[in-house]
Amino acid sequence: MAKRVAIVGAGVSGLASIKCCLEEGLEPTCFERSDDLGGLWRFTEHVEEGRASLYKSVVSNSCKEMSCYSDFPFPEDYPNYVPNSQFLEYLKMYANRFSLLKCIRFKTKVCKVTKCPDFTVTGQWEVVTQHEGKQESAIFDAVMVCTGFLTNPHLPLDCFPGINTFKGQYFHSRQYKHPDIFKDKRVLVIGMGNSGTDIAVETSRLAKKVFLSTTGGAWVMSRVFDSGYPWDMVFMTRFQNMFRNSLPTPIVTWLMARKMNSWFNHANYGLVPEDRTQLREPVLNDELPGCIITGKVLIKPSIKEVKENSVVFNNTPKEEPIDIIVFATGYTFAFPFLDETVVKVENGQASLYKYIFPVHLPKPTLAVIGLIKPLGSMIPTGETQARWAVRVLKGINKLPPQSAMTEEVNARKENKPSGFGLCYCKALQSDYITYIDELLTNINAKPNLFSLLLTDPRLALTIFFGPCTPYQFRLTGPGKWKGARNAILTQWDRTFKVTKTRIVQESPTPFASLLKLLSLLALLMAIFLIFL
């Protein structure tokens, strides 16, 4: 009899988990507390409890070729950066294509997940759910938690002296939907992540004045990168990743700063990060520099004091009149349906091996999918996690001894720099390609560049020097997709299809053959260094 797997949440990771279970012959049941799939990507006019919330104008920060499921490309006529409404349609197409809807129970809240009395023998879980006010209990052989980390707003009011005296309006960015409420108002946005920056820029079109307060600064990138290419298709390549990871961290940090400043000098705009030794997730926004240079958005330091109708910033004695404060101060994550002994969260970190498995369980039958912030797209990350996790749940792949897993988790929490490559500032951040390759290696699905160079050199060159698109993860191993090679070789065609809407006659490039030869030599040298 097939193992029964309970999946909590029908967002991008939940859908991938359902599909992976079906591919491995398991019996998944997905519980979704809302009335539709999509999680974060389903816009609603009102905030729903226990579900991520987005604003009407949200567009993906990762382009369609980099953020699709590995065996299901976005439609070629979709824009490279996808608005939330089209992203939701894509998720629905994915669910229909692989018959996932039959496994989802909508309007069903997971109340409690507990180990069965004989857990040490069976590894089973009791899952208590609630549908239309009625509670039910069922036994499952495994559980996959796919609830994400954008549901519990972090609102540190204690850090803002005088906030209780403020007579204006204030709220967390989770509540933001449209900019209309800011018309002719003086607005302060606290926090310079992607949401805070988006809200400040969007608000500046209607507001009287907009301040964006940041404590540590941030690198700001445009989605439009070198030569007009999508940023992640240029930045996320195996060649660049190997190059960065082979250099000392100070050199990589200097190169990163130089690249970030090639768009505009961050110091001249008051944005340069105070701590440049550790990489904080860059902010993706195409308009912020223009808003700053035209005076629509003013960058300010942290808040010293909030008064009845104004605020005082640190190092600036002048009071600034404020009508509305938006706290874009991020989120905390928790698992209210799980006992703390199962997944313990301390200081914003969970003791999960490879960000997936609790290290102390005698039976590895619970997996957390999507609780990670890679410098890359979440969909292929969560999908690859699910592919490996399902094979562990099924017993095909084995985990290391508990001592080895604990040692790795503790090392990650300490976040000690290795001295090479990028050093990330948060425990939930990771090197996208390195992390994906670790998981692919566990299921024997990592592409073998040396072998491909001998049998399919065109594909090998594209994989190594081109963008690390998710199709690479389906070239071999379990779940191999016969369309992967073609998807890789045509990825730029789909990218340009929606931008080249006016055909221009191009002159031939005289050095094209030379560049190809140099690329081949560089690949051979890289492979030589790898196997040295």
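Cβ from N, Cα, C; glycine included.
Taken from Swiss-Prot, the feature FAD binding site covers Gly9, Ala10, Gly11, Val12, Ser13, Glu32, Leu40, Trp41, Asn61, Ser62. According to Swiss-Prot, the NADP(+) binding site annotation covers Ser60, Asn61, Ser195, Gly196, Thr197, Asp198, on the basis of similarity to another entry. Summarising the annotation, Swiss-Prot assigns N-acetylalanine to Ala2 and lists similarity to another entry as the type of evidence. Per Swiss-Prot, site 'Important for substrate binding' is recorded for Lys208. Marked as topological domain 'Lumenal' by Swiss-Prot: 2-510. What Swiss-Prot lists as transmembrane segment is 511-531, and the listing cites sequence analysis.
Other Cβ atoms within 10 Å of the Cβ of Ser60 (NADP(+) binding site) number 24 in total over all chains. A straight line from the CA of Gly196 (NADP(+) binding site) to the CA of Leu40 (FAD binding site) spans 17 Å. When Cα-Cα distances from Thr197 (NADP(+) binding site) are compared across the binding-site residues Gly9, Gly11, Ser13, Asn61, the shortest belongs to Asn61. In this structure, the binding-site residues Gly9, Gly11, Gly196 were compared by how many other Cβ atoms lie within 10 Å of their Cβ, and the smallest count belongs to Gly196. In the predicted model, residues of the topological domain 'Lumenal' (2-510) average a pLDDT of 93. It is Leu40, among the binding-site residues Ser13, Leu40, Ser195, Thr197, Asp198, whose Cβ has the fewest other Cβ atoms within 10 Å in the structure shown. The binding-site residues shown are Gly9, Asn61, Ser195, Asp198; of these, the one with its CA atom nearest the CA of Lys208 (site 'Important for substrate binding') is Asp198.
Long-range Cβ neighbours of Asn61 (FAD binding site) (same chain, at least 6 residues apart, Cβ-Cβ under 8 Å): Tyr81, Asn194, Arg223, Leu284. The secondary structure of Ser60 (NADP(+) binding site), as reduced to three states from DSSP, is coil rather than helix or strand. Candidate binding-site residues: Ser60, Ser195, Asp198. Nearest to Ser13 (FAD binding site) by Cα distance: Ser60. The shortest Cα-Cα distance from Gly9 (FAD binding site) to any of the binding-site residues (Ser60, Ser195, Asp198) is found for Ser60.
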